[in-house]
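Asks: Below is one structure. I have some questions about it.
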Amino acid sequence: MTPKLIIHGGASSLDDKGGLATVRQSLHQIVAAVYETLTAGGSAMDAVVQGCELLENEPRFNAGTGSVLQSDGQVRMSASLMDGDRQNFSGVINVSRIKNPIQMAQFLQGQTDRILSDYGAADLAREMQLPIYDPATDFRIQEWMEERGEDVRKKMARLIADPTVGIEARKGTIGVVALDANGKIAAGTSTGGKGLERIGRVSDSAMPAGNYATRFAGVSCTGVGEDIINECLAAKVVIRVKDGQNLAQAMAKSITEALENNTDLGAIALDHQGHIAWGKTCPVLLAAYHTGTAIGDTLELTDGDHYGNASILKLQKTVKKIQTKTRGK
């Protein structure tokens, strides 16, 4: 079977990440590196962990290095991993002072207690002898200081001028869904949270609402965590595929429902037949994928492109090229 892969770097603006070309280069490089693992015989789980690590190590994304700071100025990260073949979920919630939370989720796959938070996650990090690491970047520290230093009047003026200001960090997450040569699926999601949140807040990234996989399909979500939890988006899409809908139908129905509820979210997905799909209610979805023959992405979708798949996007690009050539004549 031809392996398939899709990754995302969140649902936030391209502008604060270096622009279209920079983000595209970063995502495409990671997709290419992870796909090599799959073509070399690596498992879906191997690919997902590798992809999450690479995305966590990229400071422009809100996971691992470059995670946003909470209200007290500390970084607390969450991550989960799901083996679709075994339908086995594991994760850590609000873990600090490590580099790659996905590694802890991977370790927990083989444990009886597979979801740990706060003090339990800290104990596990020591048990695993993970090096102490500060994931906060100068950019995130400065961002936190500016947000904390603003008085209410200034903050309101900024929000009126640009309604997206102040909410972009809430939509930062990274995720990977992979299908290997044996037809097995895995999904992983990691986040630094929404920024300035109350201490103890739990995101969707370490829940089946935000990350879920079975032998039928796998989904990773991004966006406002509370919206994703309310929709139970990842599990909803996967269950619909299991119940007989194809992946495109399952994603379209789930995103249509999310639009009706005025949510702010996005999702990437794969199924056991190798179909690749995505959906979003947010303006931007920073996703890239490998079809087995080519790398593509969703970076230039419009606000009205709420759901789609690799085949449709390829067709749209072909039509666009033909139209451009026709105009040139």
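Just so it is clear, glycine is given a Cβ too, placed from its N, Cα and C backbone atoms.
Straight from Swiss-Prot, here's the annotation block:
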type     : residues                                                       : note
ACT_SITE : THR173                                                         : active site, nucleophile
BINDING  : ARG201, VAL202, SER203, ASP204, THR222, GLY223, VAL224, GLY225 : substrate binding site
Asks: Can you tell which of VAL202, VAL224 has the least company, meaning the fewest other C-beta atoms within 10 angstroms of its C-beta, among these binding-site residues?
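Replies: The binding-site residues VAL202, VAL224 were compared, and VAL202 has the fewest Cβ atoms within 10 Å.
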Asks: Neighbour count, 10 Å Cβ-Cβ cut-off, for ARG201 (substrate binding site): what number do you get?
Replies: 16
Asks: Taking just the CA atoms, what is the gap between VAL202 (substrate binding site) and the residue listed as 'active site, nucleophile' in Å?
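Replies: Checking the Cα atoms of VAL202 (substrate binding site) and the residue listed as 'active site, nucleophile' gives a distance of 14 Å.
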Asks: Using DSSP and collapsing to three states, where does ASP204 (substrate binding site) fall: helix, strand or coil?
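Replies: For ASP204 (substrate binding site) - judged by DSSP and reduced to three states - the answer is helix.
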Asks: For THR222 (substrate binding site) and the residue listed as 'active site, nucleophile', determine the Cα separation and express it in whole Å.
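Replies: Between the alpha carbons of THR222 (substrate binding site) and the residue listed as 'active site, nucleophile' there are 6 Å.
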Asks: Through the lens of DSSP with three states only, how would you label GLY225 (substrate binding site)?
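Replies: In three-state terms, GLY225 (substrate binding site) counts as helix.
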Asks: Which one of these binding-site residues has the most other Cβ atoms within 10 Å of its own Cβ: SER203, THR222?
Replies: THR222
Asks: What is the maximum Cα to Cα distance, in Å and rounded to a whole number, among the residues ARG201, VAL202, SER203, ASP204, THR222, GLY223, VAL224, GLY225 annotated as binding substrate?
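Replies: Greatest Cα-Cα span of the listed binding residues: 16 Å.
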